[in-house]
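Input: a single structure, listed below in C-alpha coordinates.
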Amino acid sequence: MRRLTDSFILGLAKGAVIPGLYTFRMTEGRSPLGQIGVLITVAISFLLTFKRFDPRFYKPIGDFKIVFLSLMAPKLPSLLSAVVMICLIFSEMRLRMILSRCVMIMPSYSPAVFTGIMVSLFFKSQMFDDYSVLITAASLLPITVRYGWMIRSSGFLLGLQKYRPILKSTSFREVDLKCLVKFTVEFLLLFTILWIGKMFLSMPKSNHLFFLTVVNNVFFKLNVFKAAACAVVAILSGLMMNVCLYRIIFEAFVGLGFSSIMLNLSSDLKDRSFYAGDLLNGFFCLVVCCMYFGV
(Lines of atoms letter the chains of each structure in order from A and count residues from 1; the text may use other names and numbers.)
(Lines give C-alpha, C1' and ligand atoms only; values in the text may rest on other atoms or scores of the structure.)
Protein backbone atom coordinates (compact mmCIF):
# COMPACT_ATOMS: atom_id res chain seq x y z
CA MET A 1 0.00 0.00 0.00
CA ARG A 2 2.86 2.37 0.81
CA ARG A 3 4.46 1.66 -2.56
CA LEU A 4 1.17 2.43 -4.29
CA THR A 5 0.79 5.68 -2.34
CA ASP A 6 4.36 6.77 -3.09
CA SER A 7 3.82 6.08 -6.80
CA PHE A 8 0.67 8.23 -6.80
CA ILE A 9 2.50 11.04 -4.96
CA LEU A 10 5.32 10.97 -7.54
CA GLY A 11 2.76 11.14 -10.36
CA LEU A 12 0.92 13.99 -8.66
CA ALA A 13 4.15 16.01 -8.51
CA LYS A 14 5.19 15.12 -12.08
CA GLY A 15 1.85 16.33 -13.40
CA ALA A 16 2.18 19.58 -11.46
CA VAL A 17 5.68 20.35 -12.74
CA ILE A 18 5.68 21.15 -16.46
CA PRO A 19 9.02 22.94 -17.00
CA GLY A 20 8.58 26.16 -18.93
CA LEU A 21 4.77 26.27 -18.94
CA TYR A 22 4.47 29.43 -16.84
CA THR A 23 7.78 30.81 -18.11
CA PHE A 24 6.68 30.65 -21.75
CA ARG A 25 3.40 32.34 -20.84
CA MET A 26 5.39 35.22 -19.38
CA THR A 27 7.02 35.78 -22.81
CA GLU A 28 3.75 36.56 -24.59
CA GLY A 29 4.07 39.92 -26.33
CA ARG A 30 7.83 40.16 -25.73
CA SER A 31 10.39 40.92 -28.43
CA PRO A 32 12.09 38.11 -30.40
CA LEU A 33 15.32 38.86 -28.50
CA GLY A 34 13.52 38.33 -25.20
CA GLN A 35 12.06 35.04 -26.42
CA ILE A 36 15.50 33.86 -27.54
CA GLY A 37 16.76 34.73 -24.06
CA VAL A 38 14.05 32.52 -22.56
CA LEU A 39 15.05 29.59 -24.77
CA ILE A 40 18.70 30.00 -23.78
CA THR A 41 17.71 30.10 -20.10
CA VAL A 42 15.65 26.92 -20.48
CA ALA A 43 18.53 25.16 -22.27
CA ILE A 44 21.09 26.19 -19.63
CA SER A 45 18.83 25.15 -16.77
CA PHE A 46 18.37 21.71 -18.32
CA LEU A 47 22.08 21.21 -18.97
CA LEU A 48 22.92 22.17 -15.39
CA THR A 49 20.50 19.57 -14.03
CA PHE A 50 21.70 16.83 -16.42
CA LYS A 51 24.58 15.76 -14.22
CA ARG A 52 25.56 13.21 -11.63
CA PHE A 53 23.45 13.92 -8.57
CA ASP A 54 22.57 11.73 -5.60
CA PRO A 55 18.84 12.07 -4.83
CA ARG A 56 19.55 11.19 -1.20
CA PHE A 57 21.03 14.65 -0.63
CA TYR A 58 18.16 16.56 -2.22
CA LYS A 59 15.64 18.53 -0.15
CA PRO A 60 12.50 19.45 -2.14
CA ILE A 61 11.36 22.14 0.31
CA GLY A 62 13.68 24.70 -1.35
CA ASP A 63 12.24 24.22 -4.84
CA PHE A 64 8.72 24.03 -3.41
CA LYS A 65 9.11 27.50 -1.87
CA ILE A 66 10.61 28.96 -5.06
CA VAL A 67 7.85 27.56 -7.30
CA PHE A 68 5.12 28.69 -4.92
CA LEU A 69 6.48 32.23 -4.47
CA SER A 70 7.23 32.60 -8.21
CA LEU A 71 3.68 31.69 -9.21
CA MET A 72 2.31 34.18 -6.68
CA ALA A 73 4.11 37.07 -8.37
CA PRO A 74 3.44 36.82 -12.14
CA LYS A 75 2.89 40.56 -12.69
CA LEU A 76 6.09 42.33 -11.74
CA PRO A 77 8.29 44.97 -13.42
CA SER A 78 10.22 43.51 -16.35
CA LEU A 79 13.57 43.20 -14.53
CA LEU A 80 12.06 41.50 -11.49
CA SER A 81 9.89 39.24 -13.65
CA ALA A 82 13.02 38.10 -15.51
CA VAL A 83 14.68 37.16 -12.21
CA VAL A 84 11.54 35.33 -11.08
CA MET A 85 11.36 33.52 -14.42
CA ILE A 86 14.97 32.32 -14.17
CA CYS A 87 14.51 31.09 -10.58
CA LEU A 88 11.26 29.35 -11.53
CA ILE A 89 12.61 27.50 -14.57
CA PHE A 90 15.73 26.31 -12.68
CA SER A 91 13.60 25.00 -9.81
CA GLU A 92 11.13 23.32 -12.18
CA MET A 93 13.94 21.64 -14.11
CA ARG A 94 15.67 20.42 -10.96
CA LEU A 95 12.43 19.16 -9.43
CA ARG A 96 11.35 17.40 -12.62
CA MET A 97 14.81 15.80 -12.97
CA ILE A 98 14.66 14.45 -9.41
CA LEU A 99 11.12 13.12 -9.91
CA SER A 100 12.11 11.39 -13.17
CA ARG A 101 15.08 9.74 -11.49
CA CYS A 102 13.02 8.63 -8.50
CA VAL A 103 10.38 7.02 -10.74
CA MET A 104 13.16 5.04 -12.48
CA ILE A 105 14.95 4.09 -9.24
CA MET A 106 11.96 3.15 -7.12
CA PRO A 107 9.90 0.00 -7.71
CA SER A 108 6.91 2.20 -8.58
CA TYR A 109 3.55 1.25 -10.11
CA SER A 110 3.19 2.89 -13.53
CA PRO A 111 -0.65 3.01 -13.40
CA ALA A 112 -0.50 4.78 -10.02
CA VAL A 113 2.06 7.29 -11.35
CA PHE A 114 -0.14 7.90 -14.41
CA THR A 115 -3.22 8.36 -12.20
CA GLY A 116 -1.37 10.99 -10.16
CA ILE A 117 -0.35 12.80 -13.35
CA MET A 118 -3.95 12.71 -14.60
CA VAL A 119 -5.26 14.22 -11.36
CA SER A 120 -2.74 17.09 -11.53
CA LEU A 121 -3.44 17.76 -15.21
CA PHE A 122 -7.19 17.78 -14.61
CA PHE A 123 -6.83 20.51 -12.01
CA LYS A 124 -4.61 22.46 -14.43
CA SER A 125 -7.54 22.81 -16.82
CA GLN A 126 -8.85 26.28 -17.61
CA MET A 127 -11.83 25.92 -15.27
CA PHE A 128 -9.39 26.02 -12.34
CA ASP A 129 -7.15 28.85 -13.63
CA ASP A 130 -8.03 31.13 -10.72
CA TYR A 131 -6.67 28.55 -8.28
CA SER A 132 -3.55 27.51 -10.21
CA VAL A 133 -1.12 28.57 -7.47
CA LEU A 134 -3.00 26.70 -4.75
CA ILE A 135 -3.41 23.62 -6.95
CA THR A 136 0.30 23.53 -7.79
CA ALA A 137 1.20 23.91 -4.12
CA ALA A 138 -1.26 21.18 -3.12
CA SER A 139 0.17 18.82 -5.75
CA LEU A 140 3.77 19.40 -4.64
CA LEU A 141 3.14 19.35 -0.89
CA PRO A 142 2.81 15.53 -0.56
CA ILE A 143 6.20 14.85 -2.23
CA THR A 144 7.79 17.64 -0.17
CA VAL A 145 6.59 16.01 3.06
CA ARG A 146 7.05 12.38 2.00
CA TYR A 147 10.38 12.60 0.16
CA GLY A 148 12.61 12.04 3.21
CA TRP A 149 10.90 8.76 4.10
CA MET A 150 10.75 7.71 0.45
CA ILE A 151 14.51 7.86 -0.17
CA ARG A 152 15.22 5.93 3.04
CA SER A 153 13.01 3.02 2.02
CA SER A 154 14.64 -0.35 1.28
CA GLY A 155 13.20 -0.43 -2.26
CA PHE A 156 14.74 2.94 -3.10
CA LEU A 157 18.16 2.03 -1.68
CA LEU A 158 18.22 -1.28 -3.55
CA GLY A 159 17.24 0.44 -6.79
CA LEU A 160 19.89 3.10 -6.28
CA GLN A 161 22.64 0.45 -6.35
CA LYS A 162 21.76 -0.31 -10.00
CA TYR A 163 21.51 3.35 -10.99
CA ARG A 164 25.05 4.24 -12.03
CA PRO A 165 26.13 7.55 -13.59
CA ILE A 166 26.62 7.63 -17.34
CA LEU A 167 30.14 9.08 -17.04
CA LYS A 168 31.35 6.10 -14.99
CA SER A 169 29.97 3.49 -17.36
CA THR A 170 32.55 1.33 -19.13
CA SER A 171 29.99 0.08 -21.65
CA PHE A 172 28.50 3.44 -22.61
CA ARG A 173 30.20 3.73 -26.00
CA GLU A 174 29.72 0.05 -26.81
CA VAL A 175 26.10 -0.53 -25.81
CA ASP A 176 24.18 2.47 -24.53
CA LEU A 177 25.05 4.84 -27.37
CA LYS A 178 23.80 2.34 -29.97
CA CYS A 179 20.48 2.06 -28.15
CA LEU A 180 20.32 5.81 -27.77
CA VAL A 181 20.66 6.48 -31.52
CA LYS A 182 17.43 4.62 -32.31
CA PHE A 183 15.39 6.49 -29.69
CA THR A 184 16.91 9.84 -30.69
CA VAL A 185 16.10 9.37 -34.40
CA GLU A 186 12.50 8.40 -33.59
CA PHE A 187 12.15 11.34 -31.22
CA LEU A 188 13.55 13.87 -33.72
CA LEU A 189 11.14 12.57 -36.38
CA LEU A 190 8.11 13.09 -34.14
CA PHE A 191 9.49 16.38 -32.83
CA THR A 192 9.77 17.73 -36.39
CA ILE A 193 6.22 16.59 -37.20
CA LEU A 194 4.95 18.23 -33.99
CA TRP A 195 6.61 21.52 -34.93
CA ILE A 196 5.17 21.40 -38.47
CA GLY A 197 1.72 20.53 -37.17
CA LYS A 198 1.83 23.35 -34.67
CA MET A 199 2.58 25.82 -37.48
CA PHE A 200 -0.01 24.60 -40.00
CA LEU A 201 -2.91 23.45 -37.83
CA SER A 202 -3.35 26.80 -36.06
CA MET A 203 -3.43 25.38 -32.55
CA PRO A 204 -5.24 27.80 -30.23
CA LYS A 205 -3.83 29.07 -26.95
CA SER A 206 -4.65 26.39 -24.40
CA ASN A 207 -3.11 24.17 -21.77
CA HIS A 208 -2.83 21.25 -24.25
CA LEU A 209 -3.79 18.92 -21.41
CA PHE A 210 -5.17 16.26 -23.76
CA PHE A 211 -1.81 16.11 -25.54
CA LEU A 212 0.14 15.91 -22.26
CA THR A 213 -2.18 13.15 -21.03
CA VAL A 214 -1.48 11.07 -24.14
CA VAL A 215 2.27 11.72 -23.88
CA ASN A 216 2.26 10.37 -20.30
CA ASN A 217 0.20 7.28 -21.21
CA VAL A 218 1.56 3.97 -19.86
CA PHE A 219 -1.05 1.56 -21.24
CA PHE A 220 -0.79 1.68 -25.04
CA LYS A 221 2.21 1.30 -27.34
CA LEU A 222 2.14 2.20 -31.01
CA ASN A 223 4.78 1.78 -33.68
CA VAL A 224 6.51 5.16 -33.83
CA PHE A 225 6.66 5.31 -37.63
CA LYS A 226 2.98 4.38 -37.96
CA ALA A 227 2.13 7.12 -35.45
CA ALA A 228 4.23 9.59 -37.46
CA ALA A 229 2.50 8.61 -40.72
CA CYS A 230 -0.97 9.02 -39.16
CA ALA A 231 0.05 12.42 -37.76
CA VAL A 232 1.19 13.58 -41.21
CA VAL A 233 -2.15 12.44 -42.70
CA ALA A 234 -3.94 14.43 -39.98
CA ILE A 235 -1.91 17.55 -40.88
CA LEU A 236 -2.75 17.21 -44.59
CA SER A 237 -6.43 16.59 -43.82
CA GLY A 238 -6.48 19.60 -41.50
CA LEU A 239 -5.02 21.79 -44.25
CA MET A 240 -7.71 20.71 -46.71
CA MET A 241 -10.59 20.89 -44.24
CA ASN A 242 -10.31 23.30 -41.33
CA VAL A 243 -11.94 21.01 -38.76
CA CYS A 244 -10.97 20.84 -35.08
CA LEU A 245 -11.21 17.03 -35.15
CA TYR A 246 -8.01 16.73 -37.20
CA ARG A 247 -6.05 18.72 -34.62
CA ILE A 248 -7.24 16.32 -31.91
CA ILE A 249 -6.32 13.30 -34.07
CA PHE A 250 -2.91 14.87 -34.75
CA GLU A 251 -2.23 15.44 -31.04
CA ALA A 252 -3.39 11.88 -30.24
CA PHE A 253 -1.05 10.16 -32.70
CA VAL A 254 1.95 12.37 -31.98
CA GLY A 255 1.38 11.94 -28.24
CA LEU A 256 1.11 8.14 -28.61
CA GLY A 257 4.33 8.16 -30.60
CA PHE A 258 6.18 10.07 -27.88
CA SER A 259 4.74 7.88 -25.12
CA SER A 260 5.77 4.72 -27.02
CA ILE A 261 9.34 6.01 -27.28
CA MET A 262 9.41 6.73 -23.56
CA LEU A 263 7.90 3.35 -22.63
CA ASN A 264 10.38 1.48 -24.83
CA LEU A 265 13.25 3.54 -23.46
CA SER A 266 12.20 2.82 -19.87
CA SER A 267 12.01 -0.93 -20.44
CA ASP A 268 15.22 -1.17 -22.51
CA LEU A 269 17.53 1.08 -20.49
CA LYS A 270 16.14 1.01 -16.97
CA ASP A 271 18.64 -1.50 -15.55
CA ARG A 272 21.64 -0.38 -17.58
CA SER A 273 24.34 2.10 -16.66
CA PHE A 274 22.51 5.02 -18.20
CA TYR A 275 20.58 7.94 -16.78
CA ALA A 276 17.36 6.84 -18.43
CA GLY A 277 15.38 9.11 -16.11
CA ASP A 278 17.36 12.11 -17.35
CA LEU A 279 16.82 11.15 -20.97
CA LEU A 280 13.07 10.79 -20.40
CA ASN A 281 13.06 14.16 -18.68
CA GLY A 282 14.99 15.72 -21.57
CA PHE A 283 12.55 14.37 -24.16
CA PHE A 284 9.58 15.62 -22.14
CA CYS A 285 11.08 19.12 -21.70
CA LEU A 286 11.74 19.41 -25.44
CA VAL A 287 8.15 18.40 -26.22
CA VAL A 288 6.83 20.99 -23.76
CA CYS A 289 9.10 23.66 -25.28
CA CYS A 290 7.86 22.87 -28.80
CA MET A 291 4.20 22.85 -27.77
CA TYR A 292 4.11 25.94 -25.56
CA PHE A 293 6.79 28.30 -26.86
CA GLY A 294 5.48 31.14 -28.97
CA VAL A 295 1.79 30.26 -28.54
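Every residue gets a Cβ built from N, Cα and C, even glycine.
Record features (Swiss-Prot):
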TRANSMEM  31-51  transmembrane segment
TRANSMEM  66-86  transmembrane segment
TRANSMEM  103-123  transmembrane segment
TRANSMEM  131-151  transmembrane segment
TRANSMEM  183-203  transmembrane segment
TRANSMEM  218-238  transmembrane segment
TRANSMEM  243-263  transmembrane segment
TRANSMEM  274-294  transmembrane segment
Non-local residues, at least 6 beyond the ends, that sit with Cβ under 8 Å of the transmembrane segment (183-203): 224-225, 227-228, 231-232, 234-235, 238-239, 242, 246-247, 250, 254, 257-258, 261, 264-265, 279, 283, 286-287, 290-291, 295
Interface present between the transmembrane segment (243-263) and the transmembrane segment (103-123) (three or more C-beta pairs under 8 A): no
